Amino acid sequence: MAAPAARADGSDAALAAALADVPDLGRLLEVDPYLKPYAPDFQRRYNRFSQTLDNIGKNEGGIDKFSRGYESFGVHRCADGGLYCKEWAPGAEGVFLTGDFNDWNPFSYPYKKLDYGKWDLYIPPKPNKSLLVPHGSKLKVVIRSKSGEILYRISPWAKYVVRESGNVNYDWIHWDPEQPYKFKHSRPKKPRSLRIYESHVGISSHEGKIASYKHFTCNVLPRIKGLGYNCIQMMAIMEHAYYASFGYQITSFFAASSRYGTPEELKELVDTAHSMGITVLLDVVHSHASKNSEDGLNMFDGTDSCYFHSGPRGTHDLWDSRLFIYSSWEVLRFLLSNIRWWLEEYGFDGFRFDGVTSMLYHHHGIGASFSGDYHEYFGLQVDEDALTYLMLANHLVHTLYPDSITIAEDVSGMPALCSPISQGGGGFDYRLAMAIPDKWIQLVKEFKDEDWNMGNIVYTLTNRRHLEKCIAYAESHDQALVGDKSLAFWLMDAEMYTNMSVLTPFTPVIDRGIQLHKMIRLITHALGGEGYLNFMGNEFGHPEWLDFPRKGNNESYHYARRQFHLTDDDLLRYKFLNNFDRDMNKLEERCGWLSAPQAFVSEKHEGNKVIAFERAALLFIFNFHPSKSYTNYRVGTTLPGKFKIVLDSDAAEYGGHQRLDHNTDFFSEPYEHNERPSSLLVYIPSRVALILQNVDPPN
């Protein structure tokens, strides 16, 4: 990142004041002295967070109580069989409950107006003590607006909504089963190394339909476990009316999407994953919300300012969605309670926060090209209300469950976003290394293999802030969306339809694609971060792209599925890529390179197209040259002794050409090479990745 020029307010007095206010700010500035001119910014951010937390304590009894909004808001069965209902609708003139239970009479059950825009209602049980509103009943909140308009709404706190065939809008279903799912398994401990399988339940079947929670539990979870992933990131779980939005236009924030099944079936999915030792993260969308009003948050009380900024500030120009007003007390309650709901009710172990860049800046990242100059991350362009909310959310998550994980999707690279709150940071555990997939797509689209720049690859993979952990990935769901395509399809394209059979010889295109696909994944895994992510299906080189059913494709599910049968077919070459992914993950589990300090890169040779580095006492060697193999190639190492091959992309089980003898012993000698005290001689075939392990170090 570019070093910033000193600011006028970076005086010694301002620095001293900031250090006095922010407990561990000195540690952050020790790691990155270039942040010293911005110490007052960290001071202000930390003080805003602390003051908000104090205000919550004084007015609400603490964040623990404040984040339990779902226990009172919405509709709840009381111990006596009655019903307690509560809503926040500051712009309403009247609020009512209607539904099956009263034959949809809109006004027979009025709420009582409370302070601060809140309304509540108690409905006693029937004389025989039976439930007036049984499980499965349809409900609506009726709002009388200030203009006199009568509006039918779904409660923002609704736990379950469904859309019946033929209906445009969702129906709110009172979810109160007699026998709710009981969790059987404890949460796994926080993984030392995070290997994430990014998943979407709906597309997890090879059939042209929306798959179910049950299908995912029975068919996909065992695959994930077998591949060596220890974490699932679940997309599109929060209810969204438009399936093709990929889950990013949320309409009901407390409802698990009913298109895949029931809330209890999602709980079973999470519990089953826990039984396998798999951590489960939710892709949480608190950066914006759907514009839908009849089955969404928008215009809930008849005004455009209930949960969102009013006027133009409340609309995202690119996403055509509503933007939360994070300074609002009740919006904070709603969002923090939403975070807690998913942790407590469904057993999720943390979150990947979507759209963090949009939250952090008033410009939402629109038209902003972040150069790395520190001025871009401070000052008036930063939405400090949103940043305060994110700090509160991270504080809540890590206070409730210290082993929980939070990941920020931020393309801007904001410094200290993944530093502890006590340092003035955002409190996230990880950020996504979003430049890495862009680099791979750029290389395969725009450059010949012989023109790939080794130094640029290494720079992209290692360009991350010290002590702020990154999740590296070669491709996620973003890279496969319609208009783009999977990495395997960029490499092999239409030949994947005709030349993936093991009964036919390798074509040059398929050979190149399979070898590079393995190398790209391994170097990303080993060099790119402190965690690794793979989108479902890409472990075996899923062909084509993702396109959800919509009018533009005649509502087709053809590209909204994952063709797992391809890797299960022993006569197809997809199995080779799948085998490599499995063994790469299982070797990382044994050796722990993701949790080791950043690698020392000893070689990035442009002419030879060779990259070599050490991490976790392993020696990684990559030869990206399309045709040149090297005999007795000298590679530097810190470790003396005997080395063996522990992973070889050229092995037969990975679709390689078997040019290496795995019985070979490699001995390093005290011959300095590339700033390493020892070195060894290795045969490196073309387009091959090797990992050597020191198996017999001298005393």
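Even glycines carry a Cβ here, placed using N, Cα and C.
Owing to the predicted nature of the structure, the values given are computational and were not obtained by experimental measurement.
Taken from Swiss-Prot as is:
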ACT_SITE  Asp354  active site, nucleophile
ACT_SITE  Glu409  active site, proton donor
BINDING   Asn59, Glu60, Trp88, Ala89, Pro90, Asp115, Tyr116, Gly117, Lys118, Glu330, Val331, Leu332, Arg333  substrate binding site
BINDING   Trp104, Lys140  (1,4-alpha-D-glucosyl)n binding site
MOD_RES   Tyr170  phosphotyrosine
SITE      Asp478  site 'Transition state stabilizer'
Inter-residue C-alpha distance, Asp478 (site 'Transition state stabilizer') and the residue listed as 'active site, proton donor' (nearest angstrom): 12
Residue among recorded positions Trp104, Lys140, Glu409 with Cα closest to the Cα of Lys118 (substrate binding site): Lys140
Chain-internal residues, separated by at least six, CB under 8 A from Pro90 (substrate binding site): Tyr116, Gly117, Asp301, Thr303, Cys306, Glu330
Proximal residue to Trp104 ((1,4-alpha-D-glucosyl)n binding site) among recorded positions Asn59, Trp88, Tyr170, Val331 (C-alpha distance): Tyr170
Using Cα positions only, nearest of the recorded positions to Glu409 (active site, proton donor) (Trp88, Tyr170, Arg333): Arg333
Structural state of Asn59 (substrate binding site), classified by DSSP into three states: helix
Same chain, 6+ residues apart, C-beta under 8 Å of the C-beta of Val331 (substrate binding site), given in sequence order: Tyr307, Phe324, Ile325
Spatial separation of Lys140 ((1,4-alpha-D-glucosyl)n binding site) from Trp88 (substrate binding site) - C-alpha basis, Å: 15
Lowest local Cβ density (other Cβ within 10 Å) among recorded positions: Trp88, Trp104, Tyr116, Tyr170: Tyr116
Where Lys140 ((1,4-alpha-D-glucosyl)n binding site) falls in three-state DSSP terms: strand
Residue among recorded positions Asn59, Tyr170, Arg333, Asp354 with Cα closest to the Cα of Lys140 ((1,4-alpha-D-glucosyl)n binding site): Tyr170
